[in-house]
Amino acid sequence: MDHFLYRGGILHAEDVAIPDIAAVVGTPFYVYSAATLTRHYRLFTEALSPLPHLVCFAIKSLSNVAVLKLLGDLGAGMDVVSGGEYLRARAAGVPGDRIVFSGVGKTRAEMRLALEGGIRQFNIESEPEMRALSEVAAAMGVTAPVTVRVNPDVDAKTHAKIATGKSENKFGIPIARASEVYAEIARLPGLRAVGIDVHIGSQLTDLAPFEAAFTKLRETTLALRAEGHDIRRLDLGGGLGIPYTRGNEAPPLPTDYGAMIHRVLGDLDCEIEIEPGRLISGNAGLLVAGVIYVKNGEGRDFLILDAAMNDLVRPAMYEAHHDIVPVIEGAPGGPTQPFDVVGPVCETGDTFARARELPLLAEGDLVAFRSAGAYGAVMASEYNTRPLVPEVLVQGDHFAVIRARPTFDEILGRDTIPEWL
Ligand SMILES: *Cc1c(COP(=O)(O)O)cnc(C)c1O
């Protein structure tokens, strides 16, 4: 459930009419609902209670500092995958002991940054990384809390670009090598194993791959304990999928996911960490765009929007579907027509949808892409020198711009012409 509903035929974000935001901010823009973000975060904390747990929001899905502050103030931890994301979490007021550091390519500078600022744990993804972290921490005279991300060789049955739990993926250490790797951690200076970690992919719409992975994690935890490693923290990653098409799909709910975790892992006397991104942020955001032109082609009509693939890359990159809805609701049973919905970027890939049935739309009308909160604004670029898309946060009857659209002076000012030219 989200808080983007029609009232009197006009799409609202909570109690704010979308056209009112568009009048102030211009299009395109992202808009997020504070109530929806809060609700989704709480679904997870409720699903995991009464097990000791920490829900670490995967910042990479939506990284605006205002959103992080909202979630951090509710008690959320953060899952970061870069030094920049670590700084975002800190800027939002999240203490280091609620931040976990994931990612296959942490640099020594990033390790130092997190060790200086405070960190709950590093999720180690390879043996070279483990040795580098040992050196960095030992040189600083500190001990780095770590988990090892094991790769359980489970097929997440999701889009190939976002599946991470098969042995051919670049992520984690083969689960069969866990014993050797934990033994080396115990010998190395500057490291202390606090738990074990797994993340098998994103947009999973079935609990079975999770259950298969968590069952292997359970066996490995028991084996490691028998070898003397005090594993007390299980980081289960993120990846729970969301419905992108209204009414069609019904991915598992956080409650079902929580119940499965209780059943498979509840007796291990461990603190459970999860790292959901998409399920918290995905349906908490819309991308709102204006219609520049309606172009009648041969056998098809194009809706040319002022949003493009640089603002929302998921359709071009993952063949992703987003529901597209008019901001002013069409009359029930009123006429519709199929449109190819495209942006102005000079690439055929800049196509959001083909033959999408929509009410008759005209120049200047507004449309909204649903489920655009996750992997939307964070993946935006300024390709074609299109200013980075702004972000707006709504809470109740008020809204604020939480990232302004840059001016062309700012954009051009970032380039420097060398004096020898
Ligand atoms: C991407 C990622 C997540 C979040 O995935 P979602 O599908 O957005 O829930 C969590 N943990 C790790 C390690 C990730 O790479």
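Indices start at 1 and increase along the chain as displayed.
Using the three backbone atoms N, Cα and C, a Cβ is placed for every residue, glycine included.
Here is what TrEMBL says about this protein:
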DOMAIN    29-373  domain 'Orn/DAP/Arg decarboxylase 2 C-terminal'
DOMAIN    36-281  domain 'Orn/DAP/Arg decarboxylase 2 N-terminal'
MOD_RES   Lys60  N6-(pyridoxal phosphate)lysine
BINDING   Gly239, Glu275, Pro276, Gly277, Arg278, Tyr375  pyridoxal 5'-phosphate binding site
BINDING   Arg278, Arg314, Tyr318, Glu347, Tyr375  substrate binding site
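Feature map: annotations from TrEMBL on the structure.
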{"residue": "Lys60", "record": "N6-(pyridoxal phosphate)lysine", "DSSP class": "helix"}
{"residue": "Gly239", "record": "pyridoxal 5'-phosphate binding site", "DSSP class": "coil"}
{"residue": "Glu275", "record": "pyridoxal 5'-phosphate binding site", "DSSP class": "coil"}
{"residue": "Arg314", "record": "substrate binding site", "DSSP class": "helix"}
{"residue": "Glu347", "record": "substrate binding site", "DSSP class": "coil"}
{"residue": "Tyr375", "record": "pyridoxal 5'-phosphate binding site", "DSSP class": "coil"}
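Around Arg314 (substrate binding site), the same-chain residues six or more apart in sequence whose CB sits under 8 Å from its CB are Ala320, His322, Tyr375, Gly376, Met379, listed in sequence order. With a cut-off of under 6 Å between the Cβ and any atom of ligand 1, the binding-site residues Glu275, Arg314, Tyr318, Glu347, Tyr375 reduce to Glu275. The substrate site in the record is lined by Arg278, Arg314, Tyr318, Glu347, Tyr375, and its two most distant CA atoms lie 27 Å apart.
Within 10 Å of the C-beta of Arg278 (pyridoxal 5'-phosphate binding site) there are 25 other C-beta atoms, taking all protein chains into account. Over the domain 'Orn/DAP/Arg decarboxylase 2 C-terminal' (29-373) the predicted model carries a mean pLDDT of 95.
Considering only the recorded positions Lys60, Gly239, Pro276, Gly277, the residue whose Cα is spatially closest to the Cα of Glu347 (substrate binding site) is Lys60. Other C-beta atoms found within 10 angstroms of the C-beta of Glu275 (pyridoxal 5'-phosphate binding site) number 27, with every protein chain shown included.
Taking the centre of the Cβ atoms of Gly239, Glu275, Pro276, Gly277, Arg278, Tyr375 as the pyridoxal 5'-phosphate site, the nearby residues of that chain (Cβ within 8 Å, site residues left out) are Ala58, Ser61, Ser202, Gly238, Leu240, Leu279, Ile280, Ser281, Ala374.
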